[in-house]
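Feature annotations, reproduced from TrEMBL:
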type: TRANSMEM; residues: 20-42; note: transmembrane segment
type: TRANSMEM; residues: 62-83; note: transmembrane segment
type: TRANSMEM; residues: 95-117; note: transmembrane segment
type: TRANSMEM; residues: 129-150; note: transmembrane segment
type: TRANSMEM; residues: 171-191; note: transmembrane segment
type: TRANSMEM; residues: 211-235; note: transmembrane segment
type: TRANSMEM; residues: 290-308; note: transmembrane segment
type: TRANSMEM; residues: 342-360; note: transmembrane segment
type: TRANSMEM; residues: 372-393; note: transmembrane segment
type: TRANSMEM; residues: 624-644; note: transmembrane segment
type: TRANSMEM; residues: 656-680; note: transmembrane segment
type: REGION; residues: 692-733; note: region 'Disordered'
type: COMPBIAS; residues: 702-733; note: compositional bias 'Basic and acidic residues'
Amino acid sequence: PTEKDDLKKESKGRGKCKEVFGYPISIFFIIVNEFCERFSYYGMRAVLVLYFKYFLRWDDDLAISIYHTFVAFCYLTPILGAIIADSWLGKFKTIIYLSIVYAIGQVAMAVSAIHDITDSDRDGSPDNLTFHVVLSMAGLLLIALGTGGIKPCVAAFGGDQFGDHQDKQRRTFFSVFYLCINGGSLLSTIITPILRAQDCGIHSKSKCYSLAFGVPAALMAVSLVVFILGSGMYYKTKPEGNIMLKVSKCIGFAIKNRYRHRSRKYPKKEHWMDWAEEKYDKLLIAQIKIALRVLLLYIPLPMFWTLFDQKGSRWTLQATTMDGNFGSIVIQPDQMQTINPILILTLVPIMDSLVFPLIKKCGLHFTPLKKMTVGMILAALAFVCAAVIQLQIDKTLPVFPSASQSQLKFLNMGNTPITVEFPENQLNLAAAQASEEYFKFESDQITVLIGNPPVSKIVSLTKGQRQTLLIPSAINDEWQLASDLIYKPQEGNNEIRFINGMSTPVTVSSAAGHYGEIEPLHYSNYSEIKNGRATFTLQSGSQSCEYSKDFGFGGSYTFFIPSTLTFGPNCQESITESVDIKPNSVHMALQIPQYFLITAGEVMFSVTGLEFSYSQAPSNMKSVLQAGWLLTNAVGNFIVLIVAEIAKLPKQWTEYILFASLLVAVSIIFSIMASFYTYIDPTAIEAEFKKKVHDDEDDEDDKKKELQKSKEMEKRDSVSSDDEDKKYVQTSM
């Protein structure tokens with residue numbers, strides 16, 4: 001059978017599956033598969049950077065570096081997946097095998113987040129971090145291979161299920177398909193942060209990263225099972241060879257051949273790709289030339305993705321230092337990412353049906369490349385907004401002592417006001433009150449004077465530490481130094497402790513935990529407590545009372561129980577509160593403008609960029625441009641690592657400004673490149689080229705026929721001449 005016969009056979013096989021409302025039943029399995037897979041990927045990715053920081057206890061820079069390395073690999077592996085599917089296994093088997101790899105990776109991530117496996121001392125945190133790091137890195141590698149490998153296959157496999165008579169249904173399928181991508185992303189970024197914020201564990205409680213990774217793993221398993229269930233209904237094409245490999249070989253041959261003929265004695269070619277004409281078809285070379293014109297414009301594009309993908313890393317970490325209280329609901333830092341898919345679903349139809357037509361009516365020639373330039377500018381403005389917010393956050397953050405300094409706060413545990421004198425300062429403290437701020441000292445020891453006549457004591461301080469000096473009511477009694485926190489409480493939680501100023505032991509407990517029995521003139525350790533209202537029960541002997549407080553995010557508090565405390569309903573007023581570290585006061589809602597700008601930029605840049613690439617690409621070069629587009633995303637994530645490593649800026653807001661400035665510079669370069677680009681119709685050019693080749697072939701055939709005819713005539717003339725010679729000879733004889 002000829003190639004045309006095979007194509008006819010294939011086209012007859014398409015669209016033969018049972019239909020529901022004109023759609024093949026098989027595509028419903030593919031849509032459910034895609035929704036579950038996208039839920040799995042985005043759900044895991046939403047909490048990933050917080051898992052690195054709080055579970056594996058990495059610093060911000062390392063957490064962000066590994067996060068962006070993972071994302072980069074997720075955008076590199078689709079090229080590998082496309083080659084495997086087109087050249088070896090076919091789309092169906094590639095999706096099956098790599099989905100299994102994907103599911104194993106998700107399970108590995110879920111297991112790596114179970115702290116009880118290595119929590120031998122049962123304090124709620126893993127003891128052997130090496131085990132968890134190795135398992136999570138192996139899991140991420142498998143996930144990157146799986147999600148990237150199936151990315152180019154699923155949509156194309158869905159398109160294969162439709163026959164030539166189902167063009168309308170095919171278009172609707174792709175619309176629903178991309179709706180499922182955003183729907184899965186939206187739901188997962190709402191649900192998995194909620195799961196992460198729960199406390200779970202076998203022997204001790206900790207943030208439930210295992211559940212936050214476990215649910216996406218379960219969804220990936222469901223995705224795989226659903227896809228396999230539809231196996232008997234799918235139309236499966238055979239591997240036909242990958243165009244990317246053919247294009248790479250053609251370009252490689254052209255470069256090699258050009259290098260061989262670099263001497264001046266060889267005539268110049270119009271285009272360097274023309275050096276491949278010795279081995280490759282002229283139409284393929286012409287198509288590669290068109291694709292290369294578009295790929296040249298891709299060179300500046302990675303910088304956009306450098307900024308865009310930081311919404312899942314830097315912006316999430318920024319949200320951990322903000323107030324997520326929205327009244328009746330509390331938003332987790334990693335839930336702020338849900339704004340992106342919500343705005344995508346809102347802005348795409350608004351842009352297409354309102355904004356772009358309005359610009360066109362105004363007589364402005366808003367070309368795709370101009371839209372992409374505007375998208376870059378919007379992304380840069382989003383980072384300027386992030387920098388402004390970071391400046392506001394920095395004003396609220398505590399300044400901890402350096403290695404050569406110490407900080408000290410004073411607490412009057414007595415029932416009468418006192419005056420405290422220390423180097424270059426004097427402080428009046430009311431009864432049962434602490435100083436509002438910490439005082440900074442460079443020396444190891446300071447002299448403190450209290451009372452009249454003054455009682456003098458030398459206090460030894462610890463460098464690099466914050467401490468509170470507990471001044472008893474009887475000045476001559478022992479003075480104690482309590483160590484305070486030198487870090488901001490993690491994950492938006494609060495840290496609290498109680499100081500007992502009474503002469504009898506006091507037991508403090510709450511629904512969140514038990515703080516133990518506090519001896520007279522002593523203090524408890526810091527304990528973690530979530531945001532919201534908390535009620536504490538104070539008990540001394542048979543007497544008890546309750547104390548309640550509303551907590552925000554990221555604060556540290558010391559509660560002082562005075563000796564004058566009267567147990568009963570009014571004890572709330574007697575307990576003194578001292579704020580050691582102020583809670584987050586910059587509201588998370590202030591991140592909405594930067595999310596709006598980055599999403600508007602994505603619509604202008606990404607959606608338009610794909611549309612432009614497809615409209616300017618030859619018919620058989622769509623996958624080549626898709627690979628190039630994904631490659632820009634991967635390179636963009638690597639740029640995050642390079643810039644952050646080279647710059648090493650001390651303030652986060654300066655890094656935001658640096659990235660914004662780089663994108664503005666790149667957008668100017670891109671706009672200059674775009675001004676030299678001429679829009680073409682690849683289909684018309686291909687048709688014209690094919691016609692020209694066909695005409696040339698016809699001319700060649702005509703020449704061959706004429707040559708053949710002339711040869712035949714010569715042959716006849718030769719035969720005729722021989723006959724006449726014979727006749728002449730016979731006559732002569």
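Glycine too: its Cβ is placed from the backbone N, Cα and C atoms.
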> Going through 62-83, 129-150, 211-235 one by one, which has the most CB pairs that fall under 8 Å from the transmembrane segment (95-117)?
Replying inline: 129-150
> Do at least three CB pairs under 8 A connect the transmembrane segment (372-393) and the transmembrane segment (20-42), leaving out pairs fewer than 6 apart in sequence?
Replying inline: no
> Any residues 6+ beyond the ends of the transmembrane segment (624-644) with a Cβ under 8 Å from its own?
Replying inline: 61, 64-65, 68-69, 71-73, 75-76, 78-79, 82, 151-152, 243-244, 247, 291, 294-295, 298, 301-306, 308-310, 313, 609-610, 613-614, 617, 655, 658-659, 662
>> I'm a bit unsure how to read this: which one of 62-83, 171-191, 211-235, 372-393 has the highest number of Cβ pairs shorter than 8 Å with the transmembrane segment (129-150)?
In response: 62-83
>> Under 8 Å for C-beta pairs, could you tell me which stretch among 62-83, 342-360, 372-393 has the largest tally with the transmembrane segment (171-191)?
In response: 342-360
